[in-house]
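What TrEMBL says about this protein:
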ACT_SITE  143  active site, nucleophile
ACT_SITE  147  active site, proton donor
DOMAIN    17-257  domain 'GH16'
CARBOHYD  151  N-linked glycosylation site
TRANSMEM  51-69  transmembrane segment
């Protein structure tokens with residue numbers, strides 16, 4: 001893919017494989033029959049109060065966790081500092097025909113929950129991408145992506161999620177939202193523990209990536225990850241398969257942020273990965289909320305929410321793309337969601 005000068009894709013990952021659009025024409029999701037979609041794991045039936053417990057544990061402060069709502073306590077600009085503006089508690093990043101912009105967390109973390117409230121680019125945002133993601137470093141990195149794909153005025157934003165494990169991605173899902181994300185702030189969260197990765201929009205789960213190591217599927221659990229966000233030009237693929245390009249007469253394109261929260265285990269760079277994994281896992285008198293049994297899977301209420309999202313808002317799932325994957329990926333055969 002040819003990059004336009006001045007528009008790095010993801011600055012923290014510039015030395016790894018670049019993002020390439022895997023599907024220029026987007027096939028529609030073909031969901032399984034309703035009967036199979038309504039099969040919920042038996043254990044979740046015991047969790048009618050699980051949603052309230054989830055919220056309670058998410059708010060629990062434990063030793064070794066970091067939690068804050070101020071940008072400069074947790075994050076710092078990573079490129080194009082002159083494309084940042086601050087208005088009280090709100091941070092704005094802009095994309096123009098000179099550059100995009102991005103920020104990164106000051107520390108890396110292992111397990112926990114990251115939340116940012118974002119108001120996406122208003123009006124004609126075709127060709128632009130606003131990304132919020134977690135990533136480790138190196139060619140065999142792990143990564144959890146939210147990518148918000150701009151569109152022409154009046155057409156809905158698409159939200160693309162992806163999961164990289166040991167440097168391998170190609171696990172894209174796309175959905176449209178049940179609200180206009182350009183009119184107000186909405187919260188986007190990534191929850192990560194040793195059992196599952198959950199993507200949430202306003203606390204509604206929109207994707208779950210479960211630990212299936214017992215089925216021979218690698219799971220991201222041994223690399224500390226930074227938290228990043230950026231706005232950049234990707235008009236060669238982002239909108240309608242690259243058919244609609246960025247209209248620079250509408251620049252600057254501005255994404256707004258507030259409500260920065262990280263509730264996770266901070267990992268010093270000098271500590272080895274295996275030691276970080278041990279110190280960020282519950283053991284003895286040390287207990288972390290993300291290791292509690294209620295965090296190992298969705299509650300009954302959350303399972304219903306995810307089924308609703310998939311049935312009504314998902315438009316693409318790599319698991320059902322036989323053109324790209326003639327052989328169904330192993331994790332798709334075993335995931336319950």
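For all residues, glycine too, the Cβ spot is worked out from N, Cα and C.
Within the model, the domain 'GH16' (17-257) shows a mean pLDDT value of 84, rounded to a whole number. The two recorded residues, residue 151 (N-linked glycosylation site) and the residue listed as 'active site, nucleophile', have Cα atoms 25 Å apart. Around the Cβ of residue 143 (active site, nucleophile), 22 further Cβ atoms fall within 10 Å across all displayed protein chains.
In sequence order, 129, 130, 131, 133, 159, 160, 161, 162 are the residues near residue 147 (active site, proton donor), counting only same-chain partners six or more apart with C-beta under 8 A.
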